[in-house]
Amino acid sequence: MFTFSADGETCVPMVIYPYQRVPEKIVKSINPKWSVGRSGWMTSETFYQYIANVLYPHLVEKNTKFPVILFLDGHKSHLNYQLSLLCSELQVEIISLYPNATRILQPCDVAVFRPLKETWRQCVRQWEEEHPDEILNKVMFAPLLEKAVNVGVKRNTLFNGFKEEEREKEEQIKENKVQIIQNIVIRSPNANIRVSTASTSKETTQSLYFKPNDNKIIINDNLLGPFLASPSAPVRKGKRNVEPFPFAITSERYQEMFRKKQALKEEQENEKEARKSSKASENFDTDGYDSEELDRLYNEAQKMKC
């Protein structure tokens, strides 16, 4: 896992191996400054450790001015309530990108991962030529990756990648490929309405226009045209019921959502335990026993169930 900044800085990466206990040979082969993850998957616990023990110390070492913004994909494996609290304390504002946000992460693909993949292939080819009787395994993965990173990932290349992406957006705006509304759109009940009748139709249409000596801009959605229509929330075409997450992971709304979910889960667990206790009491025969004997038998029954 890599983290890059727009000024060309590369954070210490994390290598995640498919082990619960990483073998000693692999640990010794990794650069001591690099971090190691387990289980082969990016989990919320692994990402929490990465933020707390890798990313934040790296930012402090580089004398980075806080707060900082960290952009992530919207995958739930990165996100949990504890991470939100940690980043709020460390002044790391996490923004979870919405789906299909490739244009935001494109500088990483163009300026970093494309040359890194090419350099990786060259390093593997060179290693195989130098070790014809050996097989590339997990022990040699991290050293070769470090070599590929040192050769293929350059600060100037990364910085120019972000800069080139910004230049392309400016050119699209100049060529009118990207339409921008420069003014704030508001509606006013005091707007003057001009009534006009089209020559080809008998229907009367109304349109809103600028009121003289008035700073308010009065426009209608119909006047925006097909390109400047008011934005609407995207509609999911599939049938899956996906819960929308707030983009700002360190926001109070995100933390409140997690607290409500945790409270609901605890309430459901308590109701479940209450139903079990009620059912056990109903099935218990109380004829011929005093209260102390009933308590003793009930406790024994609970122990047998456990």
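Our numbering is plain: 1 for the first residue shown, then up by one each step along the chain.
Cβ coordinates come from backbone N, Cα and C, glycine included.
Here is what TrEMBL records for this protein:
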DOMAIN    5-137  domain 'DDE-1'
REGION    261-306  region 'Disordered'
COMPBIAS  261-276  compositional bias 'Basic and acidic residues'
COMPBIAS  284-293  compositional bias 'Acidic residues'
Find the average pLDDT over the domain 'DDE-1' (5-137) in the predicted model and report it. 85
The domain 'DDE-1' (5-137) resolves under DSSP into 66 helix, 17 strand, 50 coil
Would you mind splitting the compositional bias 'Basic and acidic residues' (261-276) into helix, strand and coil residue counts from DSSP? 16 helix, 0 strand, 0 coil
